[in-house]
2 protein chains.
Amino acid sequence: MRKFIAEVSEKLRSHEHKLTSRRECILCILLENKDKHLSAEEVYNLVKQKSPDMGLATVYRTLELFCEFNIIHAMDFGDGRKRYEFGDDSGDGHHHHHLICEKCNKIIEVNEDLLEELENRITNDYQFSISNHHLKIFGICKECMAKSNNKQ
Amino acid sequence: MRKFIAEVSEKLRSHEHKLTSRRECILCILLENKDKHLSAEEVYNLVKQKSPDMGLATVYRTLELFCEFNIIHAMDFGDGRKRYEFGDDSGDGHHHHHLICEKCNKIIEVNEDLLEELENRITNDYQFSISNHHLKIFGICKECMAKSNNKQ
DNA sequence: ATTTCTGCAAACGATTTGCATGTTA
DNA sequence: TAACATGCAAATCGTTTGCAGAAAT
């Protein structure tokens, strides 16, 4: 993780930006919550515990900066705010998919890319040159299914 | 189309709502632009040509009403506003997908449901009970590819 | 000293809502 | 005359921006 932070610092530095202590603090929060898909407001609330005088605008500006440098990217899970996760969204787009539980709002990542065959079909049938895709699958997760079965 | 409007009217009427002339006007605009995935503001601008004294709030309220009755549903194409299309989004979720051209912003609908096999795999591997999915595929459409090839 | 960074408050844009008036059954 | 519908303006909510002061090179 030390190494990752140093890498980020280098990336920023090579374009006349600094990894200031506030920015590093935000990066840490993101690292500590890799699995959570935090929103800006959520990052802000977590960051305030370590750094109570940080402003919300700084969080927004930092998240935008990290996006520009492809350290994180924004996703929309349909709740009206951007949520962030690590990873480059600009490349050939073969990243993971998301299962969204409609009961507990948990987000499960599916890391295999399961759409290659489908993409080939679309490329052929529509002569559409694919650069990226977003697949969101809504439903009920294993745990919530178990809970609702117990209640019955 | 007459028939469809009458059906909508019935649907609303059966739950103490009326298909008023303003609402019918909005419905017509939507019908005339089935392929366009209009936003609320765009509906408003089109509607004002026929009904200049209509308020934006009425458009929003009507679109929301139509959504409640599953006459239309809202989609997010990543441009920060809701866009609407006909069809029921609440059922078993086996509706179409969207190809989004990053050059001309055209939206191409893919009406086959191409994810059944994938869904089966996810249901098995994750014990996740799927109710719906949204697949957006970004890239360059046939026409834009042709254009950029000509220019070279 | 110049550039970047930051907090604060104000601005923003899409959407929602309160309220008083209009319309319809 | 109830209940629903509407226009208008104000409110809301996530996000962005202007600005003046602080920090870093």
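Just so it is clear, glycine is given a Cβ too, placed from its N, Cα and C backbone atoms.
Residues or ranges marked as Fe cation binding site in TrEMBL: A:His95, A:Glu116, A:His133. The Zn(2+) binding site annotation in TrEMBL covers A:Cys101, A:Cys104, A:Cys141, A:Cys144.
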Interface-proximal binding-site residues, chain B, C-beta separation under 8 A, candidates A:Cys104, A:Glu116, A:His133, A:Cys141: A:His133, A:Cys141
DSSP three-state assignment for A:Cys104 (Zn(2+) binding site): coil
A:Cys144 (Zn(2+) binding site): secondary structure state under DSSP, collapsed to three categories: helix
Those binding-site residues listed as A:Cys104, A:Cys141, A:Cys144, and which of them has the most Cβ atoms within 10 Å of its own Cβ: A:Cys141
Other residues, Cβ within 8 Å of A:Cys101, A:Cys104, A:Cys141, A:Cys144 Cβ centroid (Zn(2+) site): A:Glu102, A:Lys103, A:Asn105, A:Lys106, A:Ile140, A:Lys142, A:Glu143, A:Met145
Spatial separation of A:His133 (Fe cation binding site) from A:Cys141 (Zn(2+) binding site) - C-alpha basis, Å: 23
Residue pair A:Cys104 (Zn(2+) binding site), A:His133 (Fe cation binding site) - Cα distance, angstrom, rounded: 25
For A:Glu116 (Fe cation binding site), the three-state class that DSSP assigns: helix
Rounded distance in angstrom between the Cα atoms of A:His133 (Fe cation binding site) and A:Cys101 (Zn(2+) binding site): 20
Set of same-chain residues at least 6 away whose C-beta sits under 8 angstroms from A:Glu116 (Fe cation binding site): none
Most Cβ neighbours inside 10 Å, all chains, among the binding-site residues A:Cys101, A:His133: A:His133
